[in-house]
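Noted in TrEMBL for the protein shown:
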DOMAIN    84-194  domain 'Phosphatidic acid phosphatase type 2/haloperoxidase'
REGION    219-266  region 'Disordered'
TRANSMEM  46-68  transmembrane segment
TRANSMEM  80-97  transmembrane segment
TRANSMEM  134-150  transmembrane segment
TRANSMEM  181-205  transmembrane segment
Amino acid sequence: MDETGPRDVLTALTTNQAVSGVEGVPDVSAEWYLDVIGFANSTPDFVHLLAMLFTDGSLFVMAAVLAWGMWRARGLPARGAAFALLAPLGMIAAYLTNNTLKELFEVGRPCRLLSDVNTIAACDPPGDWSFPSNHSAVAGATAVGIVFVWRGLGVPALLVGIATAASRVFVGAHFPHDVAVGFLVGASVVLLVMLLGVLPATRAVEALRKHPRTRKLVLAGDARPEGRAAAPPPEPPTQPIDLPTQPIDFRGTVERRHGARSNTTR
């Protein structure tokens, strides 16, 4: 009895190999890859340099933005701070999930599967599998993490993440379907972690904010835990007023003023 593995399933879904000539690579993906590589090779050398800097550097920039968003989330309500705690956990889960899929399918890099391919990036060694793309998975996971932690930068983060995934095709490291699946895997795993973990993470944040030793980790200095009312403003100091103990003789005062006026008119 023949055993069917993940790679056999992928091969069954990709019937025609007229362009790629290898199993497990969709014909349309191979065609797009060759078109993109042909365009990339026609660009100047400085474009190649920028593409190599962007394909790796964009991940560090997105990670830095996410880290800053996690720090500023200390001033948010417990639910917002909970998303900040879940973001790195989701990224780790996304990477491990995607890397497991790579080991299951074992699809080689385009530079090794296709002949006469000139790529901008150096060809990875054998055993460094192509499907799905780890770069794209991390990009998708980081972008979705930013959406939850810093929503104002959510759209730019998603655009940068998609551009990062696309750059992997431009430099020749992956087929288009590698980066598409990788991006979706990373984004989906982080989304799942956020939705399933927000309630317990919110309770954890509330508990940490109540403890003096851990409060500063999840609470900004000018913020206060939910449910704790602000202290009332101090009342301004009042000086005692000395009131006369004897009744004031208003009638005598008026008569004296009237007599003084009469003397001046004489």
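From the backbone N, Cα and C atoms, a Cβ is placed for every residue, glycine too.
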Stretch among 46-68, 80-97, 134-150 sharing the most Cβ pairs under 8 Å with the transmembrane segment (181-205): 80-97
Residue counts (helix, strand, coil, in that order) that DSSP gives for the domain 'Phosphatidic acid phosphatase type 2/haloperoxidase' (84-194): 81 helix, 0 strand, 30 coil
Intrachain residues whose Cβ lies under 8 Å of the transmembrane segment (134-150), provided they are six or more past its termini: 55, 58-59, 62-63, 65-66, 68-70, 72-73, 80, 83-84, 86-88, 90-91, 94-95, 97-99, 102, 157-158, 160-162, 164-165, 168, 173-174, 178-187, 189-191, 194
